[in-house]
Amino acid sequence: MDEKHHGVAQPPSVPISEEARDASSLEKGDAAVPANINPQMFVVQDEKETAPVEGNTSDSSSPQTLLGNETYPEGGREAWTVVFGSFCGLFASLGIMNMIAIFQTYTAAHQLSDYSEGTIGWIFSVYTFLAFGCGIYIGPIFDKYGPRWLILPGGIGIIISMMLMSICTQYWHFLLVFGILNGVCTSLLFTPCFTTVGHFFKERRGTATGLASTGGGVGGVIFPLMLNQLFPRLGWGWSVRILGFICLFLVVICNLLVHRRLPPAQNASPHPDFRIFRDRAFLLTTAGVFLLEFALFIPLAYISSYALAAGFPPSFSFTILTILNAASILGRCLPGLLADVIGPFNSNIISVFITVVACLGVWLPAGHTLPGIIIFAILFGFATGNNISITPVCVSRLCHISNYGRYYATCYTVVSIACLIGIPIGGAVLSACGGDYWGLILLTGLVEVLSLIAFIAAKVVSVGWKPWVKF
């Protein structure tokens with residue numbers, strides 16, 4: 001039509017590039033990052049999603065701005081009640097995960113005394129593998145349907161698992177009830193507890209996620225202290241049942257308070273998509289988390305038995321795990337605050353470096369002494385508290401929030417393999433060293449070094465060699 005007939009000049013038609021079409025499809029919920037797009041275009045280095053990427057001169061019409069048009073409450077009653085509900089859910093789920101050393105030490109001395117440490121360790125390896133591995137479907141389901149129908153069966157399953165575990169006597173009982181049932185239900189519960197918090201916070205996401213994740217640390221402190229008092233008085237059965245009743249109270253609160261804010265991702269699929277590993281930063285981040293979790297569960301599983309082997313009293317084997325988990329509470333809060341200032345990747349790199357120092361600089365040379373093992377527990381607990389609170393925030397910086405559940409779950413599905421093999425490999429190294437723990441400690445420290453390298457590489461791929469840039 002002739003422009004003069006209307007008196008208004010029509011803008012010329014501009015062809016749409018392949019990059020623009022791909023970016024638009026990503027905004028609509030496609031989790032895969034096309035191969036012809038630089039993943040850095042979708043990484044936010046500043047606290048505001050609409051801020052330009054450092055070194056990127058693209059204008060306001062860039063895909064990054066299109067991906068950053070969400071608004072976040074950053075607080076308020078609704079947001080903080082969701083954080084509290086997540087705290088309760090993580091108290092029940094990760095609180096149990098943080099005390100697996102107590103279960104392993106007790107069953108090795110009682111119900112499973114005829115089995116080796118490495119064989120018993122497979123029960124807890126299967127548990128951690130399923131707790132993280134089931135997320136491959138749970139994350140996409142969360143993106144499509146929300147948290148409610150994940151949290152409800154997860155909470156019920158954990159309670160049933162605790163009640164059945166109280167009457168377990170055989171190896172296969174523990175493997176089915178705790179390793180498989182509790183592992184699957186833990187994944188159903190804790191995955192949406194983390195990802196829902198991201199719907200309400202952007203600038204304060206590190207702080208909010210850190211506060212929610214302290215639930216696991218608090219559970220890791222209270223549960224061992226409680227069982228240390230209950231086991232001598234009530235025995236295994238009623239001690240574990242009381243633990244189950246506490247979890248019942250916590251998961252009811254979680255189910256009532258945790259809900260989603262954002263609508264389902266457009267075109268979201270409940271199926272996983274491994275094409276997102278074409279993003280090199282995400283691939284390296286996943287590798288870093290994989291190595292981090294591999295090293296994390298070795299001390300969590302063996303610190304109590306190490307204390308006994310080092311000649312400390314049996315009661316101290318409970319106490320040292322409590323000290324480690326108490327330190328992790330601060331490690332979940334403070335790195336979250338720090339991450340909001342310097343960026344989650346920088347906070348994570350600092351924390352992983354501290355774990356290297358704790359393992360190779362304290363535990364290896366001085367863990368057999370009382371000051372040495374306490375200092376190690378404090379340093380390692382503080383630094384690894386960061387694993388739960390900040391690594392999800394790192395993942396969220398590499399994707400649009402509508403795809404957060406998928407990215408988080410895909411990452412931790414790969415990480416679950418580390419959880420499966422870490423404890424048995426630690427037990428095999430322990431046996432190969434004739435029951436001496438130096439090999440197990442050295443393994444833990446060296447794996448932490450590799451994790452540190454992977455996180456540094458992920459940052460370099462995203463922002464270049466800029467040590468002081470916020471990311």
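For all residues, glycine too, the Cβ spot is worked out from N, Cα and C.
According to TrEMBL, the compositional bias 'Basic and acidic residues' annotation covers 18-30.
What TrEMBL lists as compositional bias 'Polar residues' is 55-68.
Among the features that TrEMBL reports, domain 'Major facilitator superfamily (MFS) profile' is placed at 81-463.
Residues or ranges marked as region 'Disordered' in TrEMBL: 1-36 (among others).
Feature annotation from TrEMBL assigns region 'Disordered' to 48-70 (among others).
The transmembrane segment annotation in TrEMBL covers 79-102 (among others).
The transmembrane segment annotation in TrEMBL covers 122-142 (among others).
Taken from TrEMBL, the feature transmembrane segment applies to 149-167 (among others). Residues 89, 92-93, 96, 138, 141-142, 174, 177-178, 181-182, 184-193, 236-241, 243-244, 247-248, 251-252, 254-255, 258 of the same chain sit 6 or more residues outside the transmembrane segment (149-167) yet have a Cβ under 8 Å from a Cβ within it.
Per TrEMBL, transmembrane segment is recorded for 173-194 (among others). Long-range neighbours of the transmembrane segment (173-194) within the same chain, counting only residues 6 or more positions beyond its ends whose Cβ lies under 8 Å from a Cβ of the stretch, are 85-86, 89-90, 92-94, 96-97, 103, 107, 111-112, 122-135, 138-139, 142, 146-147, 150-151, 153-158, 160-162, 164-165, 209, 212-213, 216, 251, 254, 258, 392, 405, 408-409, 412.
Marked as transmembrane segment by TrEMBL: 206-226 (among others). Tertiary proximity for the transmembrane segment (206-226) is limited to same-chain residues at least six positions away from its ends with a CB under 8 Å from its CB atoms, namely 79, 83, 86-99, 102, 190, 193-194, 197-198, 200, 239, 242-243, 318, 321-322, 324-326, 328-329, 331-340, 344, 347, 385, 388-390, 392-393.
Taking Cβ pairs closer than 8 Å, the transmembrane segment (238-258) reaches residues 81-82, 84-86, 88-89, 91-92, 96, 147-148, 151-152, 154-156, 158-159, 161-163, 165-166, 189, 192-193, 196, 223, 226-227, 230-231 in its own chain, all 6 or more past its ends. Taken from TrEMBL, the feature transmembrane segment applies to 238-258 (among others).
Per TrEMBL, the feature transmembrane segment maps to 281-303 (among others). Residues of the same chain lying 6 or more positions beyond the ends of the transmembrane segment (281-303) and with a Cβ under 8 Å from any Cβ of it are 39-40, 43, 98, 100-101, 104, 117, 121, 124-125, 128, 132, 320-321, 324, 348, 352, 355, 359, 363, 377, 380, 384, 387, 391, 394-395, 398-399, 407, 410-412, 414-415, 417-419, 421-423, 426-427, 430, 437, 440, 443-445, 447-448, 450-452, 454-455, 457-458, 461-462.
Within its own chain, the transmembrane segment (315-333) is flanked in space by residues 98-99, 101-102, 105, 210-211, 213-214, 216-221, 224-225, 227-228, 299-300, 303-305, 307-308, 351, 373-374, 377-386, 388-389, which lie at least six positions past its ends and keep a Cβ under 8 Å from the stretch. Annotation comment: TrEMBL describes 315-333 (among others) as transmembrane segment.
Look at TrEMBL and you will find 345-366 (among others) tagged as transmembrane segment.
The transmembrane segment annotation in TrEMBL covers 372-395 (among others). Beyond the transmembrane segment (372-395), the same-chain residues lying 6 or more positions past its ends with a Cβ under 8 Å from any Cβ of the stretch are 94, 194-195, 198, 205-206, 209-210, 212-214, 216-217, 282, 285, 289, 292-293, 296, 299, 303, 306-307, 310, 312, 320-321, 323-333, 335-336, 339, 344-345, 347-348, 351-352, 354-355, 357-359, 362-363, 365-366, 404, 407-408, 411, 455, 458.
The transmembrane segment annotation in TrEMBL covers 407-431 (among others).
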Proximity of the transmembrane segment (437-461) to the transmembrane segment (122-142), 3+ C-beta pairs under 8 angstroms: no
Proximity verdict for the transmembrane segment (407-431) and the transmembrane segment (122-142), three or more C-beta pairs under 8 Å: yes
